[in-house]
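Please read through the structure below; I'll follow up with questions.
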Amino acid sequence: MQALVEAIRERGMILPGGMLKVDGLINHQLLPQLTREMGERFAAGFAPLNPNKVVTIEVSGIAPALATALALNVPLVYARKKKPITMQEPTFTAQSISRTKGGAVDLFVSSEYLGSGDRVVVIDDFLASGGTLRALAGIIALSGAELLGLGCVIEKGFEEGRAKLADLGVPILTLANILRMNEQEGIVVEAGLQDLPKQPAG
(Lines of atoms letter the chains of each structure in order from A and count residues from 1; the text may use other names and numbers.)
(Lines give C-alpha, C1' and ligand atoms only; values in the text may rest on other atoms or scores of the structure.)
Protein backbone atom coordinates (compact mmCIF):
# COMPACT_ATOMS: atom_id res chain seq x y z
CA MET A 1 0.00 0.00 0.00
CA GLN A 2 2.03 2.88 -1.33
CA ALA A 3 0.31 5.64 0.65
CA LEU A 4 1.12 3.82 3.88
CA VAL A 5 4.72 3.17 2.82
CA GLU A 6 5.21 6.87 2.10
CA ALA A 7 3.58 7.87 5.39
CA ILE A 8 5.92 5.57 7.33
CA ARG A 9 8.94 7.03 5.55
CA GLU A 10 7.80 10.59 6.29
CA ARG A 11 6.47 10.20 9.83
CA GLY A 12 8.02 7.05 11.31
CA MET A 13 10.78 7.22 13.92
CA ILE A 14 13.15 4.61 15.32
CA LEU A 15 13.22 4.51 19.12
CA PRO A 16 15.73 2.81 21.42
CA GLY A 17 15.21 -0.92 21.74
CA GLY A 18 14.17 -1.36 18.13
CA MET A 19 10.76 0.22 18.57
CA LEU A 20 9.06 1.84 15.58
CA LYS A 21 7.14 5.01 16.43
CA VAL A 22 4.19 5.52 14.09
CA ASP A 23 1.75 7.06 16.53
CA GLY A 24 1.05 9.85 14.05
CA LEU A 25 -0.57 7.24 11.82
CA ILE A 26 -2.17 4.42 13.80
CA ASN A 27 -1.34 4.40 17.53
CA HIS A 28 -2.34 7.86 18.77
CA GLN A 29 -3.35 10.10 15.88
CA LEU A 30 -5.38 8.57 13.05
CA LEU A 31 -5.50 9.74 9.44
CA PRO A 32 -9.08 8.98 8.33
CA GLN A 33 -8.47 8.65 4.60
CA LEU A 34 -5.43 6.42 5.13
CA THR A 35 -7.33 4.32 7.68
CA ARG A 36 -10.26 3.90 5.30
CA GLU A 37 -7.93 2.75 2.55
CA MET A 38 -6.38 0.21 4.92
CA GLY A 39 -9.80 -1.25 5.57
CA GLU A 40 -10.62 -1.38 1.88
CA ARG A 41 -7.38 -3.23 1.14
CA PHE A 42 -7.96 -5.78 3.87
CA ALA A 43 -11.58 -6.25 2.83
CA ALA A 44 -10.64 -6.78 -0.81
CA GLY A 45 -8.15 -9.45 0.21
CA PHE A 46 -10.35 -11.33 2.65
CA ALA A 47 -13.85 -10.94 1.15
CA PRO A 48 -13.47 -14.08 -1.04
CA LEU A 49 -13.10 -16.12 2.16
CA ASN A 50 -16.60 -15.04 3.27
CA PRO A 51 -15.85 -13.87 6.82
CA ASN A 52 -18.76 -12.93 9.06
CA LYS A 53 -16.74 -11.28 11.82
CA VAL A 54 -13.56 -9.25 12.34
CA VAL A 55 -11.58 -9.67 15.58
CA THR A 56 -8.84 -7.43 16.96
CA ILE A 57 -7.34 -6.29 20.25
CA GLU A 58 -7.72 -2.94 21.95
CA VAL A 59 -6.57 -0.27 21.41
CA SER A 60 -4.41 0.25 18.32
CA GLY A 61 -6.01 -2.53 16.30
CA ILE A 62 -9.50 -1.09 16.55
CA ALA A 63 -9.23 1.61 13.87
CA PRO A 64 -7.98 -0.57 10.98
CA ALA A 65 -10.21 -3.43 12.11
CA LEU A 66 -13.28 -1.18 12.16
CA ALA A 67 -12.43 0.15 8.71
CA THR A 68 -12.20 -3.46 7.53
CA ALA A 69 -15.46 -4.45 9.19
CA LEU A 70 -17.22 -1.47 7.62
CA ALA A 71 -15.94 -2.42 4.17
CA LEU A 72 -17.01 -6.05 4.70
CA ASN A 73 -20.27 -5.05 6.43
CA VAL A 74 -19.69 -7.48 9.31
CA PRO A 75 -19.45 -7.01 13.10
CA LEU A 76 -16.18 -6.19 14.85
CA VAL A 77 -15.20 -7.78 18.17
CA TYR A 78 -12.17 -6.52 20.05
CA ALA A 79 -10.42 -8.40 22.83
CA ARG A 80 -10.29 -6.52 26.11
CA LYS A 81 -7.11 -6.19 28.17
CA LYS A 82 -9.07 -5.93 31.40
CA LYS A 83 -12.19 -7.92 32.09
CA PRO A 84 -15.11 -5.55 32.72
CA ILE A 85 -17.71 -6.55 35.30
CA THR A 86 -20.35 -6.43 32.58
CA MET A 87 -18.67 -9.17 30.52
CA GLN A 88 -20.83 -12.28 30.65
CA GLU A 89 -19.44 -15.73 31.36
CA PRO A 90 -18.08 -17.86 29.93
CA THR A 91 -15.20 -15.84 28.57
CA PHE A 92 -12.31 -16.90 26.38
CA THR A 93 -8.89 -15.87 27.70
CA ALA A 94 -5.32 -15.88 26.44
CA GLN A 95 -2.09 -14.17 27.43
CA SER A 96 0.19 -12.15 25.20
CA ILE A 97 3.53 -10.45 25.79
CA SER A 98 3.36 -6.75 25.02
CA ARG A 99 6.61 -5.02 24.11
CA THR A 100 5.08 -1.57 24.53
CA LYS A 101 3.54 -2.48 27.90
CA GLY A 102 6.71 -4.26 29.01
CA GLY A 103 5.11 -7.48 30.18
CA ALA A 104 2.32 -10.01 29.92
CA VAL A 105 -1.18 -8.87 29.00
CA ASP A 106 -4.33 -10.92 29.53
CA LEU A 107 -6.90 -10.82 26.73
CA PHE A 108 -10.62 -11.45 27.18
CA VAL A 109 -13.46 -12.04 24.72
CA SER A 110 -17.02 -12.84 25.76
CA SER A 111 -18.72 -15.96 24.43
CA GLU A 112 -21.68 -13.66 23.82
CA TYR A 113 -19.95 -12.26 20.73
CA LEU A 114 -17.72 -15.07 19.45
CA GLY A 115 -18.52 -18.71 18.99
CA SER A 116 -19.11 -21.72 16.80
CA GLY A 117 -20.30 -20.71 13.35
CA ASP A 118 -18.24 -17.54 13.21
CA ARG A 119 -15.79 -17.19 10.33
CA VAL A 120 -13.14 -14.78 11.56
CA VAL A 121 -10.53 -12.50 10.10
CA VAL A 122 -8.07 -11.02 12.61
CA ILE A 123 -6.82 -7.47 11.96
CA ASP A 124 -4.10 -5.81 14.05
CA ASP A 125 -1.63 -2.95 13.81
CA PHE A 126 1.70 -4.87 13.86
CA LEU A 127 3.08 -8.26 12.91
CA ALA A 128 6.44 -8.54 14.68
CA SER A 129 7.18 -11.73 16.62
CA GLY A 130 3.59 -12.90 16.21
CA GLY A 131 2.77 -13.33 19.90
CA THR A 132 -0.36 -11.18 19.97
CA LEU A 133 -1.77 -12.75 16.83
CA ARG A 134 -1.14 -16.22 18.22
CA ALA A 135 -2.97 -15.27 21.41
CA LEU A 136 -5.97 -14.07 19.38
CA ALA A 137 -5.85 -17.25 17.32
CA GLY A 138 -5.96 -19.19 20.58
CA ILE A 139 -9.06 -17.32 21.72
CA ILE A 140 -10.75 -18.00 18.39
CA ALA A 141 -9.93 -21.71 18.69
CA LEU A 142 -11.32 -21.83 22.24
CA SER A 143 -14.55 -20.24 21.04
CA GLY A 144 -15.08 -22.83 18.32
CA ALA A 145 -14.97 -20.17 15.60
CA GLU A 146 -12.97 -20.64 12.41
CA LEU A 147 -9.89 -18.50 11.76
CA LEU A 148 -9.76 -17.56 8.08
CA GLY A 149 -6.81 -15.18 7.92
CA LEU A 150 -4.60 -12.59 9.59
CA GLY A 151 -4.16 -8.99 8.48
CA CYS A 152 -1.69 -6.47 9.88
CA VAL A 153 -1.04 -2.88 8.93
CA ILE A 154 2.75 -3.06 9.38
CA GLU A 155 4.94 -6.14 9.28
CA LYS A 156 8.44 -6.15 10.76
CA GLY A 157 9.73 -8.73 8.31
CA PHE A 158 13.11 -9.01 10.02
CA GLU A 159 11.45 -10.40 13.17
CA GLU A 160 10.11 -13.37 11.18
CA GLY A 161 6.67 -13.39 12.78
CA ARG A 162 5.11 -14.61 9.54
CA ALA A 163 7.20 -17.79 9.62
CA LYS A 164 6.42 -18.31 13.31
CA LEU A 165 2.68 -18.26 12.53
CA ALA A 166 2.88 -20.60 9.54
CA ASP A 167 1.58 -23.52 11.61
CA LEU A 168 -1.79 -21.76 11.91
CA GLY A 169 -2.32 -22.61 8.25
CA VAL A 170 -4.09 -19.38 7.32
CA PRO A 171 -3.20 -16.62 4.84
CA ILE A 172 -1.49 -13.48 6.11
CA LEU A 173 -1.91 -10.05 4.51
CA THR A 174 0.15 -7.01 5.50
CA LEU A 175 0.07 -3.52 4.01
CA ALA A 176 3.66 -2.42 4.65
CA ASN A 177 6.78 -4.46 5.35
CA ILE A 178 9.74 -3.12 7.31
CA LEU A 179 12.82 -4.83 5.89
CA ARG A 180 15.20 -3.27 8.39
CA MET A 181 15.64 -0.11 10.43
CA ASN A 182 18.81 1.38 11.83
CA GLU A 183 20.54 4.72 12.34
CA GLN A 184 22.51 4.43 9.11
CA GLU A 185 19.68 3.59 6.71
CA GLY A 186 16.68 4.79 8.64
CA ILE A 187 13.44 2.88 8.01
CA VAL A 188 13.68 0.63 4.96
CA VAL A 189 10.08 -0.18 4.05
CA GLU A 190 8.27 -1.67 1.07
CA ALA A 191 4.73 -2.65 0.19
CA GLY A 192 3.28 -5.39 2.35
CA LEU A 193 3.15 -9.11 1.67
CA GLN A 194 0.26 -11.44 1.06
CA ASP A 195 -0.23 -15.13 0.62
CA LEU A 196 -3.96 -15.08 0.00
CA PRO A 197 -5.56 -17.91 -1.95
CA LYS A 198 -6.74 -17.06 -5.43
CA GLN A 199 -10.03 -18.91 -4.96
CA PRO A 200 -12.58 -18.74 -2.12
CA ALA A 201 -12.13 -21.26 0.65
CA GLY A 202 -14.11 -24.46 0.21
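Note that Cβ sites are derived from N, Cα and C of the backbone, with glycine treated the same way.
Remember, predicted model here, so these are calculated numbers, not experimental data.
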Given that Swiss-Prot lists LEU20, ASN27 as binding xanthine, which residue among LYS156, LYS164 does it place in the same site?
LYS156
Can you check which residues sit near LEU20 (xanthine binding site), meaning Cβ under 8 Å from its Cβ, same chain, 6 or more apart in sequence, and list them in order?
GLY12, MET13, ILE14, ILE154, LYS156, ILE178, MET181, ILE187
Among LEU20, ASN27, LYS156, listed as contacts of xanthine, what is the widest Cα spread in Å, to the nearest whole number?
16
When DSSP is mapped onto helix/strand/coil, what comes out for LYS156 (xanthine binding site)?
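In three-state terms, LYS156 (xanthine binding site) counts as strand.
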Would you please pick out, from the binding-site residues GLY130, GLY131, the one with the fewest other Cβ atoms within 10 Å of its Cβ?
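Counting other Cβ atoms within 10 Å of each of the binding-site residues GLY130, GLY131, the minimum falls on GLY131.
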At the Cα level, what's the spacing in Å between SER129 (5-phospho-alpha-D-ribose 1-diphosphate binding site) and ASN27 (xanthine binding site), rounded?
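Cα to Cα, SER129 (5-phospho-alpha-D-ribose 1-diphosphate binding site) and ASN27 (xanthine binding site) are separated by 18 Å.
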Counting across all protein chains present, how many other Cβ atoms fall within 10 Å of the Cβ of SER129 (5-phospho-alpha-D-ribose 1-diphosphate binding site)?
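I get 16 for this one.
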